[in-house]
C-alpha cells in the first residue's frame, strides 16, 4: 500500500538530474549522423580551402576566390538571383498558401497543392530546365501562343537562358518550398484574432497590417532566408538551362573541381565552396536572430 | 406554458438591441428559427441554452460575423443587418486566446482606438484607465503569454470597452477558466458592466452563471426562445418543461394540499424545496449522499421515483443505504 | 460574404505558371518522329537495359535512404516531443541546414575524401553508387522528412498514447513501433515518398562523384540522343511520386474523417 502511494512521488528528483543527460543521449544518433555526413564534407571543404595542393596551409585560394573578376561576377549574379527569387517566391508562395487555406481543410485543392508542393520543391535540374525551354524557349509552346496573340517575347529581348529566364525557372521550385514552410504558420493564425480586430473596427487590410503580419513576421523572414539558401545552392538547373553561360558560384565550383583548367584550381574550387558556406552561415545567423526576436512575445 | 414575456414591454421604453424574426439556416439545419428578442438600454441579458441551441449564432449575427437567412438586427433602433462587423460599434469578448500575441496588454486595449485614429497620448491614457477598471493597472506592459487565463480575459474585457461600444458582447468568456477564477471574474464583469452602464449580451451554457449576473435571462432551445424573464422568475416559474429541466435540477413530485401524495398531479419541485427526516413524510431509502459544502445532496428512492433533495449539511443526516422520509420543505 | 477575388487571381496565376511548363514538356514528349503524337517515348524504357538497370539502382538507393531517414527521424522527433521540447527550435534549425548547404559544396567535400583518403572504411563506402550516395541522400532528405513526421506527431495525442502503452507493459521501443508508428503512418509514408522524389531527381552529387549509373543521370544521358525519351521519363517519375503522395493524403484524410464521426 505504501509502496503504491510512494511510487509516483519518489523518483522525480533523481529523474530530473539524469533527465537532461538521458534526453541528450536520445538526440545523439540524429545529431551524430548530421555531424559525420554533413559536417564531414564541410570540414574537408574548409580545410581544403585553406591548403595548397601539397596540403600546406595558405589563404591564397580564398583570396583568389573573392578577388578574381570571374569569381566576383559569379558571386554577384548568384546573390542577385537568390535574393530576387527568394523574395518573389516568398511573396507569391504566401499568397498561394493562404488562398489554399481559405478552403475547407479536407478539400481536394488543399491536398493537391500540399502534395504537389512536396514533389515540385525537389523538381529541378535538367527536367525543369527542359520544361521551361519547351514552354518559353524560342519555339516553346507558350512563346508561340503569345506570339499568336501579338506578344513577341523574344522581340522584347527575353531569352530563357538569361538571368531573367533563370530567375523565372527558379521561382518554380521556390514557390512550392515557401508553401511547405509557411503553411503551418498561416494555420497558426487564430480566427478569433481576425474577428476581434474586425470587431474593434479594423478592415481586412488593417488586420493584416497590424495583427497577422507581426505574428507571421519571424516565420516569413525565416522562410525567405531558407529560400535564399535554396536558390544559392541550386546548381543543376542553372547548368542545364544556360550551359554555364551565366557565371554562378555553384557552376564555378563544379568547373574548378573537374580540374580541367589547372591543377591547383581544385583548392580554389573548395575556397569558393567555403565562401558559399560563409554566406549560408550569415543567413542562418539571421534566421536564428529572427527566431530570437519572436521569443519576446511568443510563449515558446 | 406559453405564457412567455417577450419584447413588447421593452419596446415602450426604447430598446438598445433588437432581433426581429431572425432566422439562420445552414443547409437544412435551423441554427435560429425566428428569434424575437429585445435588450433594454443598460441591462445585462444572459442568452442561455445547451450547446447547439443557436445562442452563439445570435451573438455572431449581432456582431456581424455572420449574415442572417432572414430577419433583422437592430442596434439603437437602426437596422444594421447589412453593415460589416468593423462598422457596428459592438465590443466583443471571446471565449479565449483572442488577445493579439504581438501586442502588450496596453496595446491590445488601445487597438480599437488606433483603428479610430485616436491620438497616441489619448490612447495610452484610455488604455491605462481601462486596465485600472479591470484591476490590471500594473500589467499594461505584459504580453498575453505572460498572463494567466483570467488576466487575459480581463484585458479582453478592457479592450472591448475601450471604444465605448453601444453593446458589449460576451461569448462564453468564462468557459476556459477554472472554477474559482470563473466566479471571481463573473462578479467582476457584472461590477464593471453596472459601473459603465453598458447594454450587454452574455452568452453562456452555464445556468448558474446566467442566474448570478443577469438582469434578465433568455433561454434558447433548438433555435427558439423558450422564456425571457428575471433570473428569479425563470428559476421559480419556468415557462416550459425544457426551461425547468435546463435551469437547475427539478423533481417531478405528486402534490396535493401541500403534501406529497402518490397518484396526485405532479408539480416541479427544486431540490431545496424538499427535505428529509419528518416522520409524517413519504418513506424511502437514501441511494447516494453527496457533500457539497454548505448543503448535502441526497438521492432518495421512493414509491414515486428517485427524488433529489438538498438539505443543509449537518452530522445527523442519513447515510447511503439508510431509510428516511421526504416531505416538502416548510 | 467576403469578396475573395484575389484568391481566384492567385490560384489562376499559380495554375498557369505551374501547368504550362509541365504541359509543354508533356506535349514535347508525346511527339513522334515524322509528325503526330504517340506514347513511343514512354515505352522506350522497356527495351533500354541501361535505363532499366539504373531505375533499379535508384529504387534500391531510395528504399535504403527512406529506411535510414525514418530510423533517424521518427525516434528523434518522438524523443524531442516527449522528453526534450526545449531543443525543438534547435533541431528545426539543424534540419534547415541541408536545404541551404549547397549540394555542390557537399559534393566537393566528399570528392576530396574520395580522392585523397584511403583505408577499408572509405573503400567500402565508395565501392558502389548505392553505398556512396545513400548516406548523403539521407542528409538531403532529412529536412522535409523531419517536418512531415513532426507534423504527424503534432496531430496525435503522443504523450497519452505512449504512457498508455507503457502502462500496459510495453517498453519504449515497442510502444514506438506498435502504437506511435501506426498512428502516424500517413506522415511516415509521406516522408518516404518525398525521399523517393529526391532520389529520382538528384544528379549533382552523383555526377561530381562520378556515379553515373543512377536513374536521373541515365535520363539526362539518354536526353543527349533522344530528348523526347528523357523528358517522358522525367515527367513519368514526377507524376508517379505525386500520385503516390496524393493517394497517401486521401487515405489519411479518409481515416481522420471516419474517426471524427465515430467519436
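Glycine residues also receive a Cβ, built from the backbone N, Cα and C atoms like all the rest.
Note: TrEMBL annotation is automatic and uncurated.
According to TrEMBL, the domain 'ABC transmembrane type-1' annotation covers A:75-289. Positions annotated as transmembrane segment by TrEMBL: A:21-46, A:79-101, A:113-134, A:140-158, A:170-190, A:210-228, A:235-257, A:269-290.
Cβ atoms under 8 Å from those of the transmembrane segment (A:79-101) belong to residues 109-110, 113-114, 163, 166-167, 170-171, 174-179, 181-183, 186-187, 220, 223-225, 227-232, 248, 279 of the same chain, restricted to positions at least 6 beyond its ends. Only residues 6 or more beyond the boundaries of the transmembrane segment (A:170-190), in the same chain, are considered here, and those with a CB under 8 A from a CB of the stretch are 81, 85-86, 88-90, 92-94, 96-98, 100-101, 113-114, 116-124, 128, 132, 212, 215-216, 219-220, 222-223, 226-227, 230-231, 234, 237.
For the transmembrane segment (A:140-158), the partner stretch with the highest count of Cβ pairs under 8 angstroms, out of A:21-46, A:113-134, A:210-228, A:235-257, is A:113-134. Below 8 angstroms of C-beta separation, residues 82-83, 85-87, 89-90, 93-94, 174, 177-178, 181-182, 184-186, 188-189, 193-194, 197, 202, 283-284, 286-287, 290-291, 293-294, 298 of the same chain, each at least six residues beyond the ends of the transmembrane segment (A:210-228), sit close to that stretch.
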